[in-house]
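*Asks:* In case it's useful when we look at the structure, here is the feature table from Swiss-Prot:
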DOMAIN    8-43  domain 'EF-hand 1'
BINDING   D21, N23, D25, C27, E32  Ca(2+) 1 binding site
DOMAIN    44-79  domain 'EF-hand 2'
BINDING   D57, D59, N61, T63, E68  Ca(2+) 2 binding site
DOMAIN    84-119  domain 'EF-hand 3'
BINDING   D97, D99, N101, E108  Ca(2+) 3 binding site
DOMAIN    120-155  domain 'EF-hand 4'
BINDING   D133, N135, D137, Q139, E144  Ca(2+) 4 binding site
Amino acid sequence: MESHLNEQQISDFRDAFSLFDKNNDGCISREELATVLTRLGMAPSQEDLQDMIVAVDEDGNGTIEFDEFLAIMKKKLYENDKGDDEEELRKAFRIFDKDDNGFISRNELSMVMASLGEEMTEDEIDDMMKAADSNNDGQVDYEEFKRVMMSTWNITEIFKPHVTIWRYKP
């Protein structure tokens, strides 16, 4: 089993961490965790959120720092084989890639999020694009999309066992 993450993996996990760390203070609070999970379509209770924090919070300070986040992501990365998810990812990418040019534009992202009932501000759309567009070309290719989605799946898999009931928003 691989025991070290490469620089790209660490960078990807730092990007994922920053999506949660809304105030950029270097830690994920219960409120920040709730915000992101709600955007992912989940509605965990306050008790569920506390259980999630406790499961990852090694130093017991009530928040998740990057080193704690990285340790659990590394563990999950090597526990899970995501090979079966490749076709699902390609299908999801095609849903976003409305003009079928191999890229997701900001406009396509905005349209799909709106069609899913996600009311997002222009700044939130910009933040999503910035987080996904690692080569800064103004669009998201399949590999960038896959990186973000795999990080999201790993994150939800980490927290799922600690939630008593996942309530998905209609």
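Including glycine, each Cβ sits where the backbone N, Cα and C put it.
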*Asks:* About how far apart, in whole Å, are the alpha carbons (Cα) of E108 (Ca(2+) 3 binding site) and D25 (Ca(2+) 1 binding site)?
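*Replies:* Rounded to the nearest whole number, the Cα-Cα distance is 31 Å.
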*Asks:* Give the sequence-ordered set of same-chain residues, not counting D21, N23, D25, C27, E32, with Cβ within 8 Å of the centre of the Cβ atoms defining the Ca(2+) 1 site.
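*Replies:* Checked against the 8 Å cutoff, the neighbours are F20, K22, N24, G26, I28, S29, T63.
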*Asks:* Please report how many Å separate the Cα atom of Q139 (Ca(2+) 4 binding site) from that of D21 (Ca(2+) 1 binding site), as a whole number.
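*Replies:* The Cα atom of Q139 (Ca(2+) 4 binding site) is 23 Å away from the Cα atom of D21 (Ca(2+) 1 binding site).
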*Asks:* Just the number: how many Å between the Cα atoms of E144 (Ca(2+) 4 binding site) and D99 (Ca(2+) 3 binding site)?
*Replies:* 18
*Asks:* Could you state the CA-to-CA distance between D25 (Ca(2+) 1 binding site) and D59 (Ca(2+) 2 binding site) to the nearest Å?
*Replies:* 17
*Asks:* Measuring Cα to Cα, tell me the gap between D99 (Ca(2+) 3 binding site) and C27 (Ca(2+) 1 binding site) in whole angstrom.
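*Replies:* One finds 38 Å between the Cα atoms of these residues.
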*Asks:* Here are the binding-site residues: D21, E68, D137, E144. Which has the lowest count of other Cβ atoms within 10 Å?
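*Replies:* Sparsest of the binding-site residues D21, E68, D137, E144 by Cβ contacts within 10 Å: D137.
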*Asks:* What number of additional C-beta atoms lies within 10 angstroms of the C-beta atom of D25 (Ca(2+) 1 binding site)?
*Replies:* 11
*Asks:* Give me the count of other Cβ atoms within 10 A of the Cβ belonging to N135 (Ca(2+) 4 binding site).
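*Replies:* Taking every protein chain into account, the count is 10.
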*Asks:* Does anything in the same chain, at least 6 positions from C27 (Ca(2+) 1 binding site), have a Cβ under 8 Å from its Cβ, and if so what?
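*Replies:* In sequence order, the residues whose Cβ lies under 8 Å from that of C27 (Ca(2+) 1 binding site) (at least 6 apart) are D21, T63, I64, E65, F66.
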